[in-house]
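Annotated features, as they stand in Swiss-Prot:
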DOMAIN    33-166  domain 'RUN'
REGION    176-327  region 'Disordered'
COMPBIAS  196-205  compositional bias 'Basic and acidic residues'
COMPBIAS  263-284  compositional bias 'Basic and acidic residues'
COMPBIAS  285-295  compositional bias 'Polar residues'
COMPBIAS  297-312  compositional bias 'Basic and acidic residues'
REGION    375-397  region 'Disordered'
COMPBIAS  385-396  compositional bias 'Polar residues'
COILED    421-462  coiled coil
ZN_FING   428-558  zinc finger
BINDING   CYS513, CYS516, CYS537, CYS540  Zn(2+) 1 binding site
BINDING   CYS529, CYS532, CYS551, CYS554  Zn(2+) 2 binding site
Amino acid sequence: MANNGTILKISRSLKNAVSAILQGYGDGQEPVTETSAELHRLCGCLELLLQFDQKEQRSFLGARKDYWDFLFTALRRHRGYTEQMSFICSQDKLKTSLGKGRAFIRLCLARGQLAESMQLCLLNPQLTREWYGPRSPLLCAELQEDILDSLYALNGVAFNLDLQRPDLDEAWPMFSESRCSSPSRTGKRRPGKPKGFPEEVRCSRGEQLQEPDTGGTSCLQDATREDRTPDLCKPLQPSHLPTFLEEKREDSRSLSCPQSTWETEREGFQLDQKDGGPKPRKFLENSTASIQQQRSRAKDVKMQLTGRKVEGKGSLSGTEDQRTTEGIQKRAADWDLGQGLMAPGLQGREDAELGYRCEWNQPDVLRQSWVLGTKKSSPTEKPQEWTGVTSGTMQEDGSEVPLQQEVIKDPGYGLQLAKEQAQCQEQLRAQEAELQALQEQLSRCQKERALLQVKLEQKQQEAERRDAMYQTELEGQRDLVQAMKRRVLELIHEKDLQWQRLQQLSTVAPGHCIGCNKVFRRLSRRYPCRLCGGLVCHACSVDYKKRERCCPTCAQQEEIQDT
């Protein structure tokens, strides 16, 4: 009973190890690596199973044989496993049979062939009895089936293992301890990372990972807050100011609206004009002129900074920085007023957000003014509520009209828009052509599939018809074989009878009775046997069980046939 308990305990521990691996690494999860504690548990259970109640055998040189010798003896008869055997034998650093057996287990786990290898090893029960005692679970049919079922479940788990380890002669590699303690204490090296494993990114305590700001709103808000701080009244250092202007220029370029946004806004302006809404053409022209003026001021500041940097003297004064800040705030206020008059339905939005959009989306304002400038033929009627609001702005910005007209008449921007539109149209045509080609390919594949389906059905029908015909022919051949067997038996029986008659005639001397071997005299009555034809005296023909005209031998055979 104690032996049965030990056997069941070994089988149960192996099942638990397999279930732990399936729970942690099954269903397409990450592969099992050297640092997995479940791997160490599984390898230990497999080694205990293969070493339990193993008979002691020694080689020619006196070395003790282990379960590797059993696996090698069982698998070398199968051609499909010669490559694995040669791979294990080619590892010169493994000196013992125990180390080679461990390497073979790891190789089968990595290739998903452990269950198949074990099943091939257990196909020959006589060989298994030569290597293992009666207490081994490998000799019990029920436990053997349970073990193979558990091992076949591991075929769906990926194992990422090092197949050429020189330290398997000593023990199984135990890298899971390195997670809790340093490698210097344990004395074992840390395993290398598998290919494709992401590298760790280490940050200091005060650092944070910065994600790219796609919208650019946080950068703009920080820039605006910095413009409003009183620290900007102080003169900036010459080494930091050019980089600041470069960053602002790059942010303004990266935040330019794409062509789709421009088309949407242009359609909105056209709908407003058709509905008779407010027409902010003059206000947009004034804001465009002010923006152009601020741009020219920024260029002057940049040129001054560049010249001073080359000469190595001077710095940018605080008044110019304040002027730039005031220009940005003025453009924000003008854009807020224009947006409030053009789109009354958008009053729920925050004014600060609209101001930031106006500050850094200068190409949007230029595109809108260009569209309004090209549509000079459309009627422009200003309502009375607009007259009081825009009259002051028109008087103040009357000197900036020529500059705005130059911006409107600039054909370079229109050419850029036309190029972008042509590129988008080309991309659309290419995508439509690709879609059409894919649809044609899909239709062809469907037709081919239908054709193949019809051919498959025809082949199946033909195969069924041939199968029925072959079955009929097979039945006929079976009947013929049975008839031939019966005829052969009849011929054999007839041959035996003829041989028996011939033997009887050859043994009986002429002039003697077949039954009692009596010598016939001149007056003795004699009768021929009606079956074999031999001469029988009157006593033998009448007294033998009342069978007349029959010798005793033929009478016995006839009795046997009747029974």
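In case you wondered, yes, glycine gets a Cβ from its N, Cα and C as well.
Residue counts for the zinc finger (428-558) under DSSP, helix first, then strand, then coil, are 93 helix, 8 strand, 30 coil. Each residue contributes its Cα atom, and for CYS516 (Zn(2+) 1 binding site) and CYS551 (Zn(2+) 2 binding site) those atoms are 10 Å apart. Fewest other C-beta atoms within 10 angstroms, among the binding-site residues CYS516, CYS529, CYS540, CYS551, CYS554, are seen around CYS516. Of the chain residues outside the Zn(2+) 1 site list CYS513, CYS516, CYS537, CYS540, ILE514, GLY515, ASN517, LYS518, VAL536, HIS538, ALA539, SER541 have their Cβ within 8 Å of the site's Cβ mean position. For CYS537 (Zn(2+) 1 binding site), the same-chain residues 6+ apart in sequence whose C-beta sits under 8 angstroms from its C-beta are CYS513, GLY515, CYS516, LYS518, PHE520, SER524, ARG525, ARG526, TYR527. Taking only the Cα positions, the spacing between CYS540 (Zn(2+) 1 binding site) and CYS532 (Zn(2+) 2 binding site) is 14 angstrom. The domain 'RUN' (33-166): residue composition by secondary structure is 84 helix, 5 strand, 45 coil, according to DSSP. The Cβ neighbour count for CYS532 (Zn(2+) 2 binding site), using a 10 Å radius and every protein chain shown, is 20. If you draw a 10 Å sphere around the CB of CYS513 (Zn(2+) 1 binding site), it holds 22 other CB atoms from the protein chains shown.
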